[in-house]
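A.B. asks: My questions will all concern the structure given below.
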């Protein structure tokens, strides 16, 4: 469904000129890249194919960039909703299509910068040992890497702080939106569009950030020798192979298919005919 929604967004000029659809397309593109590379990594591990060290590092870097891009774009979608609701008359002036394109470029730059710094620290401290990269699996490499130098651990915890600062900012925006619109009556019905949208955003954010929270808690417990290495590997495998995939599965259905323009375009493609206005 992700390539189909991307095709609809990029093939319709009126759709791809709107900020919400541009951000949606960028989030779906990030998720698609992550799923493709992670599937490639899993297939190579299942076939017992050992990648060269440079290829494994490149694959891990692309996975980190794609996941960070999806995470930052999800946060940008929430901020876009915040601006659209609180500043409806100035929304077009604040977020025109030209500025949205610059924001998307900035999101990709940030998505590449954070993993880039982390990988530079790993390479400078020689934490990428050949025995670690023999199996190019993200959970296993993360566990073995966190048993490395203090510089690597510092980068890991700094990344944790940045992610949870983004999460705090998003929840502050939600709290402001709720109290600003509480008196307008849009929350009276549990099936209202505002309530469903609020629930949808919270569901996606929960599935995006809960795996990271579980991973950080597990890493903290393992570093302090509270749990064993084998238990940590099983928890990490569950987080990466199940919990981190769930939001990427739910995202196109909760966001993409919910927009009327995209749903109508998809129906017209499936029926192989154009939609006509009926007076």
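The backbone N, Cα and C atoms fix where each Cβ goes, and this holds for glycine too.
Predicted, not measured: the structure shown is a model, and the values here were computed from it.
Found this in TrEMBL, in case it helps:
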- 2-255: domain 'G-protein coupled receptors family 1 profile' (DOMAIN)
- 21-38: transmembrane segment (TRANSMEM)
- 58-91: transmembrane segment (TRANSMEM)
- 103-121: transmembrane segment (TRANSMEM)
- 127-147: transmembrane segment (TRANSMEM)
- 154-179: transmembrane segment (TRANSMEM)
- 199-221: transmembrane segment (TRANSMEM)
- 233-255: transmembrane segment (TRANSMEM)
A.B. asks: At a C-beta cut-off of under 8 Å, are there same-chain residues at least 6 beyond the transmembrane segment (233-255) that contact it? List them, or none.
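C.D. replies: Beyond its ends, the transmembrane segment (233-255) has Cβ neighbours at 1-2, 5, 24, 27-28, 31, 34-35, 38, 42, 67, 70, 74, 77, 138-140, 142-143, 200, 203-204, 207-208, 210-211, 214-215, 218, 227.
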A.B. asks: Same chain only, please: residues at least 6 beyond the ends of the transmembrane segment (103-121) with a C-beta under 8 Å from a C-beta of the stretch. Say none if there are none.
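C.D. replies: Sequence-distant neighbours of the transmembrane segment (103-121): 22-23, 26, 30, 57, 60-61, 64-66, 68-69, 72-73, 76, 95, 127, 151-152, 155-156, 159, 162.
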A.B. asks: With a Cβ cut-off under 8 Å, give me the same-chain residues at least six positions beyond the ends of the transmembrane segment (199-221) that come close to it.
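C.D. replies: That would be 70-71, 74, 78, 81, 142, 146, 156, 160, 163, 167, 170, 174, 227, 232, 235-236, 239-240, 243-244, 246-247, 250-251, 254-255, 258.
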